[in-house]
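K.L.:
Grabbed the feature section from TrEMBL, which reads as follows:
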TRANSMEM  A:6-28  transmembrane segment
TRANSMEM  A:40-60  transmembrane segment
DOMAIN    A:75-125  domain 'NADH-Ubiquinone oxidoreductase (complex I) chain 5 N-terminal'
TRANSMEM  A:85-109  transmembrane segment
DOMAIN    A:141-440  domain 'NADH:quinone oxidoreductase/Mrp antiporter transmembrane'
TRANSMEM  A:145-166  transmembrane segment
TRANSMEM  A:187-203  transmembrane segment
TRANSMEM  A:260-278  transmembrane segment
TRANSMEM  A:284-306  transmembrane segment
TRANSMEM  A:327-348  transmembrane segment
TRANSMEM  A:354-373  transmembrane segment
TRANSMEM  A:393-412  transmembrane segment
TRANSMEM  A:424-447  transmembrane segment
TRANSMEM  A:549-570  transmembrane segment
Amino acid sequence: MEYTYQYSWIIPFIPLPTPMLIGVGLLLFPTAIKNLRRMWVFPSVLLLSIVMIFSAHIFIQQINNSSIYLSVWSWTINNDFSLEFGYLIDPLTSLMLILITTVGIMVLIYSDNYMSHDQGYLRFFAYMSFSNTSMLGLVTSSNLIQIYFFWELVGMCSYLLIGFWFTRPIAATACQKAFVTNRVGDFGLLLGILGFYWITGSLEFRDLFEIFNNVVDNNEVDFLFVTLCACLLFAGAVAKSAQFPLHVWLPDAMEGPTPISALIHAATMVAAGIFLVARLLPLFIVIPFIMNLIAFIGIITLLLGATLALAQKDIKKGLAYSTMSQLGYMMLALGMGSYRAALFHLITHAYSKALLFLGSGSIIHSMETIVGYSPDKSQNMVLMGGLRKHVPITKTAFLLGTLSLCGIPPLACFWSKDEILSDSWLYSPIFAIIACSTAGLTAFYMFRIYLLTFEGHLNLQFQTYSGKKNSSFYSISLWGKEGQKVIKKNVTLLTLLTMNNNERASFFSKKTYRIDSNLRSMMRPFITISHFGTKNTFSYPQESDNTMLFPMLVLVLFTLFIGFIGIPFFNQFNQEAVDLDILSKWLNPAINLLHPNPNTSVDLYEFISNATFSVSIAFFGILIASFLYKPVYSSLQNLNFFNSFVKSIPKKIKILGEKLLNGIYDWSYNRGYIDVFYAICLTKGIRGLAQLTHFFDKRIIDGITNGVGIASFFVGEGIKYVGGGRISSYLLVYISYVLIFLLIYFLFSFNL
Amino acid sequence: MNDFPWLTIVVVLPISAGSLIFFLPHRGNKVIRWYTICICIIELLLITYTFGYHFQLDDPLIQLTENYKWIHFFDFYWRLGIDGISIGPILLTGFITTLATLAARPVTRDSRLFHFLMLAMYSGQIGPFSSQDLLLFFIMWELELIPVYLLLSIWGGKKRLYSATKFILYTAGASVFLLIGVLGIGLYGSNEPTLNFETSANQSYPVALEIIFYIGFFIAFAVKSPIIPLHTWLPDTHGEAHYSTCMLLAGILLKMGAYGVVRINMQLLPHAHSIFSPWLIIVGTIQIIYAASTSPGQRNLKKRIAYSSVSHMGFIIIGIGSINDTGLNGAILQIISHGFIGAALFFLAGTSYDRIRLVYLEEMGGMAIAIPKIFTTFSILSMASLALPGMSGFVAELIIFFGILTSQKYLLITKIVITFVMAIGMILTPIYSLSMLRQMFYGYKLFNAPNSYFFDSGPRELFVSLSILLPVIAIGIYPDFVFSLSVDKVEAILSNFFIDSFP
């Protein structure tokens, strides 16, 4: 059994040959490699499967006896200090290993089909395998420098993958934004690492924790400095996990191909921040301030993410904000000190969200053949609708993912989210109220996405009906013809949607030409299938291929059953709930602040009451969403109830409500004005600084040099003029000086 | 075997073989090119052979010494020798100059003179690194200026005369200070002039005199390094020079300044160095931020890269200023690492300029489809330049960070402030280098020109960029390649400090 541990250093290196071979091959023998194109998916999947088997083996051993295995090698020889590389296998690592490999394999299989028509197919697989490699390296690392090493590599992979379609200007800016934002986090991470190195003199986790505890116990170090360092370390996690001040990159990151959004920007890489905080929790737990900060950032993020997700038109951006909100939940759980709940939610959310993203990829894939390859169109929920009939399997999978994320009982996310919510009541009621209401918001926005996408009729058809009249291009409501009637009736509740459409229309009328030209130009490099099939003929979206459906189905299974690893099994008879669940057993040495004695705290009654509460909140959210976004013609019976409900409200409240809705919509649609604020403050600030220093450099520092040059030139010219070689001028100067001298002499002599 | 004058051969071979170019038959450029490349490769092999077989890594003393009396009446010796600090830069010189010669194959105008100058540069660069005599150091230092001036003023861009004049005025002006310093040290004290490094290293001077010497030498090296505010020759020079010249400038000449600071200022004038080191660190920190924030304002691609190398030189200065083992090792590693990265970036900028013939960044765009290989290598090297882990730049900068952190000379609060400001440079670096990438390659652009068909980089260009890339990655993964060369010597230099500073 020891062998598994001994050889587990190989884990990050197993998937490495694929990116290296593809990369070198593409540089040196491009044609030969490109001929083998589809072949390359097999080694990638195969190698990752080997890792999966390996980590499954470790996982089983960890369940049997959770031991921690550590091994290090020195990286640099230096007398003063040595950098070490090593690997650390503990429950947290094995959990992340399983997660990364399973989701990774599914996404690799999926993207074989998704990317099959893309010219960058091989490049995509190289990037993807490399990101898997660095992710595996990140979770197995045993010290902070190694974490930093892979942290940056993962960030680079994310940069490359977001900018995968580099001909799109939006993707180009998005990938730069992602990298720079992450670099701000890395800046904090590096400074934090250096600070802790200075405090403890060690970089290896377990030594670090031990020494640090001693140091803090003995009050040997300035507490302010320690807090500062911990905050800086946390900044790294904030950037990577898209928490509040540094979340701006995540929605833009959706410019990358959809499988990437599933793997990196939902399941693995963004979880790295959570992983880091979980890994360093023994360190943070000593400093109460930082724990409160973590919880606070978490609660801000979960609320912000949920509100921003309310009015997104782009299906992937909606999901991205939802990811951000769910990461906020995990951060909150970590800040509250319930380690187990955070990791549980990490697992369940990863599978559910990967499923949702793969589902949205499948939708986009089927829409693309009709509307063309612009993300503005193929990902636009305004143009979707009624896909239920055309893509039934995707619809089922997506629905299950949605339900799971909303927290509906038998599905995965329910168990973990419920745990976080019930823990939050123990922590602070205010936080708990925010967290619970956000659970309702989650249900609302997820069902909004679902209903807009799958229910009703394909809105694209309305677009083609009115295709000749440019003015009314997008003015038809999502709700169809009957919908317009409804709009007149109850404007209050429909503001969200109508605004949506108006915005759309104005956007298109301004920029139609530009987008079109863009599209046409982008066709050439990438696309082999002809687009705009809808110009004349009428076509419906098709269900995706089996290669794409299979991973989704596997993830559906995960979503259905992964929750059971954390379900507490109750022993009714002696009223003493015994934790038999795998997760608790597995994370045995984990920290739990809120339940000092886990055996007594969970009891059935409490559990059921909590669960009913959270489920009822979720259902409330779903109900509101279906009121607002359920297509009218399919549920006319609701309309009467609706109208009576609306009429019963007094007019003043109506107007107020309208204003409120408008405000929320504006806030959400403009991404909370945070991006604008950053653009004005930081981007312009840096540009201004660059201009200023450039000016200073050119005019002042260089100006002095050039000035000296010019001055010496004039002096030289002057001397040349004076020394022109005319005897008469020499004589003139000579005589005049003699005369002056004589004059002075005489003046003095007379004075004497 | 030790009597064999290996180093003399290494120094003299390129220039003497280069002067034979003028006697080659007139058979076109091809012969000259092949001849030059062969000489370069032979020289590189010779260097590696010498260092491989006649150099002991664990010996901190000067090895392969040669000592010939040259001019009798004032005791001037032809004194060569290498140690742990100079071996790295010499290998780097051999490597980069060979690749630069290979990169310069498209040069056809006056190729006889061009290739002679390249070979003269070869000798001129190895000379200062391997000389063990102050006056010889000065002579070699001056020797390498002339080829650069000619390369710049004949094969440069549009404003080449302005830049060449600026270059020569700056560097020659700095050489005056160097000469004053050399003569001052040589003539101090004893009756006979002492120009030997080893004897002068053991000599101590009055503090005031040492400070004056230090300032003199420092100005000379600060121009070459460059250190702000003496850097403005560099963007102009780099903006105008042919890219092979740029490779030499960025790869080796800038490192000569840093090498000079270690070799003369640290080794010969330790007292003054420990007085001035806080100022060095402050200047270095300002330089990192200043150059990194000037860089995004540059429209010219090469100038932008030039400012990035100014910014990276700041790290070297900080490493030298933090008088401890880690920091100095980091500085030496950064010398080597930036030698590779800077040279490669200029090479790639030059090759892409050859294709699109555009200088300003905002005119470019969408080149990734036309030239994917250059795009790939350019991306990788930009990543290396912004200190991505796994590349040499990261290790160097990390170790310099550790150096400043573990330095015993400074207070905690100063260390925090310095580290903080240095790390801000880490945020600014991706802003300029990635936006450079974005402006050049990303997006889409229709090239309206009738013959807008580009060749992607051919095997020669690919070879050059890959052979620079490999050591960058190798050092990044296993930095002991460089550390094993320099560790012992660094310790020897620093022991000198500790004896002096704690009497």
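Each Cβ is built from the backbone N, Cα and C atoms, and glycine gets one as well.
Automatic prediction, not curation, is the source of TrEMBL annotations.
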K.L.:
What does DSSP give as the helix, strand and coil breakdown of the domain 'NADH-Ubiquinone oxidoreductase (complex I) chain 5 N-terminal' (A:75-125)?
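P.N.:
Result for the domain 'NADH-Ubiquinone oxidoreductase (complex I) chain 5 N-terminal' (A:75-125), in helix, strand, coil order: 29 helix, 6 strand, 16 coil.
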K.L.:
Checking distant contacts: for the transmembrane segment (A:85-109), what same-chain residues at least six beyond its ends satisfy Cβ-Cβ under 8 A?
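P.N.:
Sequence-remote neighbours of the transmembrane segment (A:85-109) are 5, 8-9, 11, 41, 44-45, 48-49, 51-52, 55-56, 58-59, 62, 66-75, 125, 128, 132, 135-136, 139-143, 146, 204-205, 259, 262-263, 267-268, 271, 275, 278-279, 343, 346-347, 350-351, 354, 358, 547, 550-551, 554-555, 558, 586-590.
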K.L.:
Between the transmembrane segment (A:145-166) and the transmembrane segment (A:40-60), do 3 or more CB pairs sit under 8 angstroms, pairs being 6 or more residues apart?
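P.N.:
Counting Cβ pairs under 8 Å (6 or more apart in sequence), the transmembrane segment (A:40-60) does not reach the transmembrane segment (A:145-166), since there are fewer than 3.
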K.L.:
Honestly, do the transmembrane segment (A:354-373) and the transmembrane segment (A:260-278) touch, with at least three Cβ pairs under 8 Å and pairs 6 or more apart in sequence?
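P.N.:
Contact between the transmembrane segment (A:260-278) and the transmembrane segment (A:354-373): present, because at least 3 Cβ pairs are under 8 Å.
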K.L.:
Return yes if the transmembrane segment (A:260-278) and the transmembrane segment (A:145-166) have at least 3 CB pairs under 8 Å (sequence gap of 6 or more), otherwise no.
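P.N.:
As far as Cβ distances go (cut-off 8 Å, pairs 6 or more apart), the transmembrane segment (A:260-278) and the transmembrane segment (A:145-166) touch.
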K.L.:
Hey, would you say the transmembrane segment (A:424-447) packs against the transmembrane segment (A:187-203), going by three or more CB pairs under 8 A that are 6+ residues apart?
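P.N.:
These two segments do not touch.
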K.L.:
Who are the chain neighbours of the transmembrane segment (A:284-306) in space, where the CB to CB distance is under 8 Å and they lie at least 6 residues beyond its ends?
P.N.:
212-213, 216, 223, 226-227, 230-231, 234, 238, 242-244, 247, 277, 321-337, 427, 431, 434-435, 438, 441-442, 445, 591, 593, 672
K.L.:
Across the whole of the domain 'NADH-Ubiquinone oxidoreductase (complex I) chain 5 N-terminal' (A:75-125), what does the mean pLDDT come to? Round it, please.
P.N.:
83
